[in-house]
Amino acid sequence: MILMYFFETYLDLRQHAALKLPTLPKTLEGVISQENFEKSRAYSLDKSHFHFVHEFVTILMDSAILFFGILPWFWKKSGNFLPLVGLNADNEILHTLAFLAGVMIWSQITDLPFSLYSTFVIEARHGFNKQTIWLFFRDLIKGMCLAIVLGPPIISAIIVMVQKGGPYLAIYLWAFMFVLSLVMMTLYPVLIAPLFNKFTPLPEGELRLKIEKLASSLNFPLKKLFVVDGSTRSSHSNAYMYGFYKNKRIVLYDTLIQQCKNNEEIVAVIAHELGHWKLNHTMYSFIAVQILTFLQFGGYTLIRNSTDLFRSFGFDTQPVLIGLIIFQHTVTPIQHLVSFGLNLVSRSFEFQADAFAKKLGYGSALRAGLVKLQEENLSAMNTDPWYSAYHYSHPPLVERLAAIDEHDKKED
């Protein structure tokens, strides 16, 4: 864990040096104004400084938790708490829920100062934060309430399956998570997302007609077209699509509509998103996640009965949840390698989706739209190649514009 911290800090230092460069990349000269470049540079450096502090504090706390045996100590304390409220301490489900309640409270307390500083200092300093302190805490409380409502039945089901699963445990756990993901994809847009944001139908007009025409030409099963009130929290802009099977929805941030005065640029961004669907990127990503989930559960079944492994972390018993936590710790380096591989694939998908939108005739509009999003979001203009290769799931703007221009040269 510490070795990974040193490696990623090295990459962060490389990126920090790139952010300090006083000039734009040649590809962006004449495309991005000097004023916006300076704003982007200042914003990126502020976030970089904050990231260094946050990661250092995080590794200190995580290392202390492991070194001083905080996990086994807190597991025992949560078990001692149950009889005080009249509950059975031998019930592993109740013990686990008590443990998780304490962990949730601890994580909220330790992360709160960073969240507040990020939102109300850094984001506010650069003109992005639009939410009040009341809205911030209201969202926080809603998130905790959702965890309290949804967490216990899911955790209980996993514990029961591990206790009863036998030799087919990995299959049972994967099947459960597969069904759960389908249920959440169905319920999230209807029940959960509206708790945090207001979704209103995109008004009739030129933009709506163009998006519907584009979706129809690609046989995209568009059921609803929404505008989300992202401006109540931030001036960052975006667009996305979601939905299961034939129930697809497209969502535009109201900030995107405000910032892109040219409807063609917005439609080009949507064409890029629809390219992911048409080229089956969403399906491939979903399949990859399912395979990785199955492999993780398979790995967990191999170590869950290892008494020595639990003892090495300070546990006399072998609780299901603790086994999952220990497994996550032991496979962290592998997870980073897998994440790196997925980022490589994701960036390839982004280039393909850009080429798809260009093939539909939106090349110039997409180029303008990407530049507009980069400027309005004050995204980093200079990026270190090692850092972006390791961390970015989307290629930097310089690479995307170069790919679009290269496609033009090939056509010529």
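Glycine too: its Cβ is placed from the backbone N, Cα and C atoms.
Look at TrEMBL and you will find 15-198 tagged as domain 'CAAX prenyl protease 1 N-terminal'.
According to TrEMBL, the feature transmembrane segment maps to 56-75 (among others).
Counting only same-chain residues 6+ beyond the ends of the transmembrane segment (96-120), those with a CB under 8 A from a CB of the stretch are 50, 54, 57, 61, 74-75, 77-79, 81-82, 87, 129, 131, 133, 136, 140, 144, 147, 151-152, 155-156, 159, 319-321. What TrEMBL records for 96-120 (among others) is transmembrane segment.
For 140-162 (among others), the entry in TrEMBL reads transmembrane segment. The list of residues near the transmembrane segment (140-162) in space but at least 6 beyond its ends in sequence, with Cβ under 8 angstroms from a Cβ of it, reads 92-93, 96-97, 100, 104, 108, 169, 172-173, 176, 180, 192, 195-196, 304, 320-321, 323.
Residues 154, 157-158, 161-162, 242-244, 247, 249, 290, 293-294, 297-298, 300-301 of the same chain sit 6 or more residues outside the transmembrane segment (169-191) yet have a Cβ under 8 Å from a Cβ within it. Annotation comment: TrEMBL describes 169-191 (among others) as transmembrane segment.
Per TrEMBL, the feature domain 'Peptidase M48' maps to 202-406. On the 0 to 100 pLDDT scale, the domain 'Peptidase M48' (202-406) averages 88 in the predicted structure.
Long-range Cβ neighbours of HIS272 (Zn(2+) binding site) (same chain, at least 6 residues apart, Cβ-Cβ under 8 Å): ALA353, ASP354, PHE356, ALA357, TYR362, LEU366. TrEMBL lists HIS272, HIS276, GLU350 with the feature Zn(2+) binding site.
The feature active site is assigned by TrEMBL to GLU273.
Residues or ranges marked as transmembrane segment by TrEMBL: 283-303 (among others).
Just so you know, the Cβ of ASP354 (active site, proton donor) picks up 25 other Cβ atoms within 10 Å once every protein chain is counted. Feature annotation from TrEMBL assigns active site, proton donor to ASP354.
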Shell of the Zn(2+) site beyond HIS272, HIS276, GLU350, same chain only (C-beta within 8 angstroms of their C-beta centre): GLU273, GLY275, HIS281, PHE349, GLN352, ALA353, ASP354, PHE356, ALA357
For HIS276 (Zn(2+) binding site): intrachain residues, at least 6 apart, with Cβ closer than 8 Å: THR282, PHE349, ALA353
Same-chain residues at least 6 apart in sequence whose Cβ lies under 8 Å from GLU350 (Zn(2+) binding site): SER393, HIS394, PRO395, ARG400
